[in-house]
């Protein structure tokens, strides 16, 4: 395409040279006005990233997204799998189990806004590198935990740190692809999330079945569930090391006025994708979104004012100036139309994470109780209704605490059915994304979001009427699958509906609200199941249906004027 454009320009020049004498008698005037080709005209970001092509570099990005997404998912999910087997080692009550499921989300809530600010001012890459490396340290610390307090502390700090790279990863991947591929890439990330959820019970099955029980350094008692946590820390370490080799987002660089650096990154992407020299990259200049200057490394440029002053001669800003500039940057968030839109997105994220993660994180415990109940009542063929399983789980946990010596005399034997049931649910979630891609193309992302939330709400209350294990597995599989697709659809809409300078901050706040929902749900669920059978399912169904109503008022991302 680039060669054809050059030929057309040259042909136009030759025609002008032949005809210019008949027009104005000046053989040089026309040639001078046609010396600049369309390639020399500044290109906006979408044009520039599209011109870099789609190929090997994008494939590398998707491969890197696998361990990164696994790290994000493992940090918030691993606790749900160790609860049945670590119950005796850590003397866990139902409330303790809820706290372990929720403590990572508490850390994520605390760090949401600081991480979003850092991503929009210091860059996407630096957050991804340091975020994943520090997360791996916290995960390895949790693997060495010897008591409940120590484990909760490491999980809290792990959640506090991983919240940064987990939110920035979506922005980074989106900004590395053109408009044609962005929605598909986010959908692939959703599939990777489902694959990670599928891999986790398989890893638990392979790990917990091993007779690993030894003392390290004479004082650290190591059990199989701690080896499981240690293995789950490897994706964070791998992601942090690989991200050291990746470039900064060119979209971020353009937003900071660093067009020269952005162009170099785009040329590198073009060379990797096409195998051609960087000099052949068709775009020679980028649109000047903000006043360009040679920025200091790690320094953010703010251009909120209509006529920004020339940069001062001093090498760095004071802390007060940095804070003032940051407040100016987020000021549009408190005015129409972004204010009302962001509030709707935040509320939806809260409700969706509350409904989704409450059920998802308690399923291993429920399936474990279901398997134990069926084993104890194999002779009388008792019906394993959902209410029966909940009552059994509450009573068994209470018995473990009151009769610890007898209940924990032997290493707990987790039934294979617990792992198989979780694998079935995760496999359904993974397969659902293949159908979601076709449905989104036919019905659109907005309809997928609204319909998915309505269906999830109905399935949530339907769990209350589950009369056997098969029905429970079917309903929970459908619930997790449809709800997961809806969550991915909302994140894709957030990325498309907000300006680049605010995108990471909006995603971070949205994720903070989602974490708050997950925290609330996991703390409320053990309390509600002790009150009765129906309250937890009413809570889950209500929040999903409320989010579905709010989604009706979300603009279509493909038609929004500020998309």
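Cβ coordinates come from backbone N, Cα and C, glycine included.
Positions annotated as compositional bias 'Basic and acidic residues' by TrEMBL: 1-14.
Feature annotation from TrEMBL assigns compositional bias 'Acidic residues' to 15-24.
Annotation comment: TrEMBL describes 26-39 as compositional bias 'Polar residues'.
Marked as domain 'Major facilitator superfamily (MFS) profile' by TrEMBL: 61-559.
Among the features that TrEMBL reports, region 'Disordered' is placed at 1-44.
Residues or ranges marked as transmembrane segment by TrEMBL: 57-74 (among others).
If you look up TrEMBL, you'll see 99-119 (among others) marked as transmembrane segment. Tertiary neighbourhood of the transmembrane segment (99-119): same-chain residues 75-76, 79-80, 83, 92, 126-127, 131, 148, 151-152, 155-164, 167-168, 171, 326, 357, 361-362, 504-509, 511-512, 515-516, 518-519, 522-523, selected by CB-CB distance under 8 Å and a gap of 6+ residues from either end.
The transmembrane segment annotation in TrEMBL covers 126-144 (among others).
The transmembrane segment feature in TrEMBL is assigned to 156-173 (among others). Listed by sequence, the residues of this chain that lie at least six past the ends of the transmembrane segment (156-173) yet keep a Cβ under 8 A from its Cβ atoms are 61, 65, 68-69, 71-72, 75-76, 103-108, 110-112, 115-116, 118-119, 124-125, 127-128, 131-132, 134-135, 138-139, 141-142, 185-186, 189, 236, 239, 249, 491, 495, 503-504, 507-508, 511-512, 515.
Annotation source TrEMBL lists transmembrane segment at 185-205 (among others).
Residues or ranges marked as transmembrane segment by TrEMBL: 225-246 (among others).
What TrEMBL lists as transmembrane segment is 341-363 (among others).
Annotation comment: TrEMBL describes 423-442 (among others) as transmembrane segment.
Under the heading transmembrane segment, TrEMBL lists 449-467 (among others).
The transmembrane segment annotation in TrEMBL covers 473-498 (among others).
Positions annotated as transmembrane segment by TrEMBL: 505-528 (among others).
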Dominant neighbour of the transmembrane segment (185-205) in 57-74, 225-246, 341-363, by Cβ pairs under 8 Å:
57-74
Contact call for the transmembrane segment (225-246) against the transmembrane segment (57-74), three or more Cβ pairs under 8 Å
yes
Can you check how the pLDDT averages out over the domain 'Major facilitator superfamily (MFS) profile' (61-559)?
81
